[in-house]
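Colleague: According to TrEMBL:
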type	residues	note
ACT_SITE	A:106	active site
ACT_SITE	A:147	active site, proton donor/acceptor
ACT_SITE	A:248	active site, proton acceptor
BINDING	A:7, A:34, A:147, A:149, A:247, A:248	Mg(2+) binding site
DOMAIN	A:4-248	domain 'Endonuclease/exonuclease/phosphatase'
SITE	A:149	site 'Transition state stabilizer'
SITE	A:218	site 'Important for catalytic activity'
SITE	A:248	site 'Interaction with DNA substrate'
DNA sequence: ATGTCAACAGAGTGTTGA
């Protein structure tokens, strides 16, 4: 089974890119982030026309997440991240597909840091880590995927020294990610490619994609049950070079059935 | 400091967020 994640950066602005990518690569499950549209403005029909259906949690202007499947039943588990009743941002969806628990997340960016946005990021991260521990305790196959907005290590950024003050790379963000992984999760891309640069995001500024000045901020974390099922993983980086494309590229894993 | 996008309000371009 192939599972993909893609921060589309505006589902309506990127619709031709999204459809072309889905038709070309045909993942069984797709987690989307940054829809930037309320649920009623999500192009559900165009996506259904190429064989995908699923659950959406939209929001006007910002955020928004979705989990889509192709020929697979999807059972919704949650539309919010537990732990803060007052948090109304659409950043988390959870569903069960093929007996696998899938958490689709769009972790707050957090810039500028320090400041209230960075504080929100760190609070959200703590809530997420609490929830992730509860998912591990289920003792079931779990995949956590999406835009974590964290560069885990110096290996994951083209020039680490330029990102030291950024919310994506500050010690607090890296430390929260390490605490999460150390609960017992496997960083799927890094497991298969331990020693090479892997990027999932290239800024629109200064021809970052052409210079391969990228970051790795979109991740797949696997619960221990799935460790031995991981067959392959990759980044569809060519999509980042298409016209009217997102600043992120799709990331995918292939699991044994 | 800069740079590039998209959504929005509201009608031209500035603001916000990334």
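Just so it is clear, glycine is given a Cβ too, placed from its N, Cα and C backbone atoms.
Looking at the shown structure, what environment does each listed feature sit in?
Modeller: Note: residue A:106 (active site) has non-local neighbours A:7, A:33, A:34, A:63, A:64, A:65, A:90, A:91, A:92, A:146, A:147, A:149, i.e. same-chain residues 6+ apart with C-beta under 8 A of its own C-beta. A strand conformation is recorded for residue A:106 (active site) in the three-state DSSP classification.
There are 25 other CB atoms within 10 A of the CB of residue A:248 (active site, proton acceptor), with all protein chains counted.
Under the three-state DSSP scheme, residue A:248 (active site, proton acceptor) falls in the strand class.
Around residue A:149 (Mg(2+) binding site), taking its Cβ as the centre, 26 other Cβ atoms fall within 10 Å, counting all chains.
Under a cutoff of 8 A between CB atoms, and with a sequence separation of 6+ in the same chain, the neighbours of residue A:218 (site 'Important for catalytic activity') are A:5, A:7, A:145, A:146, A:147, A:148, A:200, A:201, A:248, A:249, A:251. DSSP assigns residue A:218 (site 'Important for catalytic activity') to a strand segment in the three-state reduction.
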Colleague: Whose Cβ lies within 8 Å of the mean position of the Cβ atoms of A:7, A:34, A:147, A:149, A:247, A:248, the Mg(2+) site, other than those residues?
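Modeller: Same chain, not in A:7, A:34, A:147, A:149, A:247, A:248, Cβ within 8 Å: A:9, A:33, A:106, A:201, A:217, A:218, A:246.
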Colleague: What does DSSP assign residue A:149 (Mg(2+) binding site), in three states?
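Modeller: Once the DSSP labels are grouped into three classes, residue A:149 (Mg(2+) binding site) ends up as coil.
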Colleague: Measure from the Cβ of residue A:147 (active site, proton donor/acceptor) and count the other Cβ atoms within 10 Å, all protein chains considered.
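Modeller: Counting Cβ neighbours of residue A:147 (active site, proton donor/acceptor) within 10 Å gives 28.
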